[in-house]
Amino acid sequence: MNDRLMMTRALHLAVRGAGNVAPNPMVGCVIAKDGKILGEGWHRQFGGPHAEREALAAAKDADVQGATCFVTLEPCSHTGKTPPCTDALIKAGIARVVIAAKDPNPKARGGAEKLLQAGLKVDIGLMREEAEKINEAFFHQLKTGRPYIRWKVAATADGCVAPPPGSTDRKISASDADDWVQKLRHSVGAIMVGAGTVRKDNPLLSDRSGLTPEAPLLRVIVGHDPMVLEGSRILETAGDIPTVFACSGPATGREYLQKADIDLWHWPDHQDVPLDALCDRLAARGINDVLLEGGAHLAAAMLQAQLINRVHILWAPKLLGTRSISQAMLADCKCSGPSDAYRLVKPDLTFLGDDVLYSAAVAYDKEGLCLPD
């Protein structure tokens with residue numbers, strides 16, 4: 001039996017749960033015997049059956065005695081919203097369990113030891129990096145208590161993120177890249193922008209992937225004056241899409257936000273929104289994964305606070321020429337020179353039609369470690 005092939009299939013199944021299982025991790029499972037898949041499944045939605053039970057149910061008409069279970073995350077051994085998966089595997093007569101990654105959750109881990117005690121053969125670590133990567137937000141939140149922050153920016157090949165001031169031709173990315181962005185929005189719990197982006201672009205900030213999420217996407221606008229939302233598409237749709245306005249200083253417009261069904265997160269004693277406290281509040285709301293989409297000043301502040309974990313840059317094969325700071329990808333980060341710059345590590349390149357997606361982790365120390373993870 002090709003163990004790697006089976007685990008690869010389990011990983012492909014796991015990501016089908018994107019956008020539906022948070023704050024749980026995405027998990028996929030394959031049950032195979034003599035090189036043949038008997039059943040497969042994945043964790044479909046928060047509170048629903050786990051991947052192992054889905055796979056066992058799919059194999060109900062097959063003989064799973066002596067079969068091997070390939071699962072992307074250590075089977076749970078506790079009773080939460082569902083019974084322990086370890087009990088189901090033992091009862092079914094599974095002989096061997098291949099686990100990609102150990103579960104970092106202290107409430108759920110221990111499944112491997114329980115399976116060993118029951119006499120099953122257990123192998124751990126096959127495609128561990130791949131399994132941890134698809135659940136990087138889950139692992140990060142458990143380690144730090146804060147959401148995993150992704151900064152997404154679309155730019156021309158010469159680094160322009162917007163056309164010259166006054167231009168109505170604002171589209172940079174092509175349709176394949178746009179589709180990827182919508183799927184990314186579907187997979188996260190919140191999308192964040194600065195008030196300047198609302199003023200300049202009037203975005204909707206919605207999930208238009210066509211996929212059905214388990215919970216609606218939370219929109220977070222960071223600024224000073226809530227009246228920036230007046231006449232915006234965000235204001236018009238606030239009754240349908242959960243929205244937060246995070247601000248500091250004097251809280252003008254409180255009644256205005258209440259009438260629009262927009263939550264106000266206010267730090268009156270701060271000159272600027274304390275971004276670490278904002279992330280803590282998002283975590284308290286059960287948000288594991290945040291997509292930062294703009295703008296240049298908010299992204300720079302998040303970098304300086306060491307809160308951005310991954311960068312997604314969509315490069316369009318176009319040369320536009322910079323005429324204004326409003327076209328810049330990133331505002332001043334207080335770096336003294338290239339040796340002091342924020343480093344991007346472990347990059348991936350993906351072609352999306354004619355556009356190129358560059359995705360990398362952010363390193364906050366000279367050794368290239370991705371802190372504070």
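A Cβ is built for glycine as well, from the same backbone N, Cα and C atoms used for every other residue.
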Substrate binding, same site as Leu205, Arg208, Glu293 - TrEMBL member from Arg170, Arg185, Arg254: Arg185
These are the binding-site residues: Cys76, Cys85, Leu205, Ala296, Leu298. Which one scores highest on other Cβ atoms within 10 Å? Cys85
Fewest other CB within 10 angstroms, which one of the binding-site residues His50, Arg185, Arg208? Arg208
Averaged over the domain 'CMP/dCMP-type deaminase' (1-123), what pLDDT does the prediction give? 94
Fill in the CA-CA distance, Leu205 (substrate binding site) to Glu52 (active site, proton donor), as an integer in Å. 35
Fewest-neighbour residue among recorded positions, criterion Cβ within 10 Å, set Glu52, Asp201, Glu293: Asp201
